[in-house]
Amino acid sequence: MLTFNKMKTTTCSLLICISLLQLMVPVNTEGTLESIVEKKVKELLANRDDCPSTVTKTFSCTSITASGRLASCPSGMTVTGCACGYGCGSWDIRDGNTCHCQCSTMDWATARCCQLA
């Protein structure tokens, strides 16, 4: 009985020491990857006057809906997302400009098309 109590005390002491050591380990106070990226983006936006662009570009998007499984973007535009009828969530993008709905029965397909001009 005395040996068991001694082991129990030693085990508890060891667990307490390990817990205290974990508390003493330095923690990264810089933050998460998300906060670091956010900080860098803010820095770049704050300094954008240092690097003025001579070209002004606009980002425009439109949705193209077609019957069947395929919906294609107009020339010069790229697919950024797809939606399919009958609650089908299985689709892929072909050649960068066409949405292909993969479900067996399909009544419509929509392609979200964007361009930077």
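Cβ coordinates come from backbone N, Cα and C, glycine included.
Since the structure is predicted, the reported quantities are computational estimates derived from the model, not experimental observations.
Quick look at what Swiss-Prot annotates:
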- 1-29: signal peptide (SIGNAL)
- Cys61-Cys114: disulfide bond (DISULFID)
- Cys73-Cys113: disulfide bond (DISULFID)
- Cys82-Cys99: disulfide bond (DISULFID)
- Cys84-Cys101: disulfide bond (DISULFID)
- Cys88-Cys103: disulfide bond (DISULFID)
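The two recorded residues, Cys101 (disulfide bond) and Cys73 (disulfide bond), have Cα atoms 15 Å apart. Among the disulfide-bonded residues listed (Cys61, Cys82, Cys113), Cys82 has its Cα nearest to the Cα of Cys88 (disulfide bond). Proximity to Cys73 (disulfide bond), judged by a C-alpha distance within 10 Å, picks out Cys114 from the disulfide-bonded residues Cys82, Cys84, Cys114. Measuring Cα to Cα from Cys84 (disulfide bond), none of the disulfide-bonded residues Cys61, Cys113, Cys114 fall within 10 Å. By a simple count of nearby Cβ atoms, those within 10 Å, the most crowded of the disulfide-bonded residues Cys61, Cys82, Cys88, Cys99, Cys103 is Cys99. Among the disulfide-bonded residues listed (Cys82, Cys103, Cys113), Cys113 has its Cα nearest to the Cα of Cys61 (disulfide bond). Cα of Cys113 (disulfide bond) to Cα of Cys82 (disulfide bond): a distance of 9 Å. Reported as a whole number, the C-alpha separation between Cys114 (disulfide bond) and Cys82 (disulfide bond) equals 12 Å. Cβ neighbour density within 10 Å is lowest for Cys114 among the disulfide-bonded residues Cys73, Cys84, Cys101, Cys113, Cys114. Under DSSP, Cys103 (disulfide bond) is assigned to coil, being neither helix nor strand in the three-state scheme. Here the C-alpha separation of Cys103 (disulfide bond) and Cys82 (disulfide bond) works out to 13 Å.
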